[in-house]
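Trainee: Taken from TrEMBL, the feature transmembrane segment applies to 34-57, 69-90, 131-154, 193-210, 230-252. Summarising the annotation, TrEMBL assigns domain 'TLC' to 67-264. As annotated by TrEMBL, region 'Disordered' applies to 267-287.
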């Protein structure tokens, strides 16, 4: 791997130096190879997802409707990012780094650089994909904001919070699994119900309990250095943090509502569910399912 990194470093160093100079990111250049390798890897996962999905899920994947193939590829990229960065971020959070622990605003440790490169590359990829696919200006701005947050760590600035904020992604694998189960005809099954329990528990713990605690600590840090950084940086980072926490609570309510609808008994369906096309018989009971588009909008917001 080091040989690949060295080769990529030679290829991208001029560009990396320009990026570092233009955006004032002095810590970026040594980690630029990881950034560009990650960007290429996400693109490769996106392009090859149908092929290795057939190998991994020979029975389930062929049942996926063609209209969902593009979304399947996007979710595979999201899953790849989450599975890589979650254990990595957790390991770094539990690693002693006096330089950043004693200076949460401006401290730096080289061990943080590669993790930030992998995540920054993902959010760059996500921003481009959202713009190209017409996912909506909100998704584009979300990806762009996350890119800025992780890239500005190379200034360095608030790098201490990089791996800790990535722990918010704990719910992402379960969110993707929920989506995959929908698309392979497992909607409303016990498997999906169990996954929904893990999803809500992870979201509650990571985003609604740990999230506000981390945000409070972050805001205290921002307040302590308010005279050392521009008011724009202080204000935008503070506002963005508050907005993201509010979105988490809103998304949690939407997820609970959507999941409840999936496992709600239909009051109008006959015993076999045939009177209602949105009712299906699962594990011996009739379930009332909402419209797929409504569920997808509620259950699958694009997360940071």
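Even glycines carry a Cβ here, placed using N, Cα and C.
From a predicted model like this one, the values you see are computed outputs, not experimental measurements.
Quick one: where do these features end up spatially?
Mentor: Long-range contacts of the transmembrane segment (34-57) within the same chain, counting only residues at least 6 positions beyond its ends with a Cβ under 8 Å from a Cβ of the stretch, are 4-5, 8, 12, 16, 28, 69, 72-74, 76-77, 80-81, 113-114, 117-118, 120-122, 124-125, 129, 184.
Sequence-distant contacts of the transmembrane segment (69-90) (same chain, at least 6 residues past either end, Cβ-Cβ under 8 Å): 41-42, 45-47, 49-50, 53, 115, 118-119, 122, 125-126, 129, 133, 162-164, 166-167, 169-170, 172-173, 176, 179-180, 183.
Within its own chain, the transmembrane segment (131-154) has Cβ neighbours under 8 Å at 20, 23, 25-28, 31, 70, 74, 112-113, 116, 119-120, 123-124, 162, 165, 240, 302, 304, counting only residues six or more beyond its boundaries.
Only residues 6 or more beyond the boundaries of the transmembrane segment (230-252), in the same chain, are considered here, and those with a CB under 8 A from a CB of the stretch are 145, 149, 157-158, 168, 200, 203-204, 207-208, 211-212, 215, 218-219, 222, 301, 303-304.
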Trainee: Mean pLDDT for the domain 'TLC' (67-264), as a whole number?
Mentor: 89
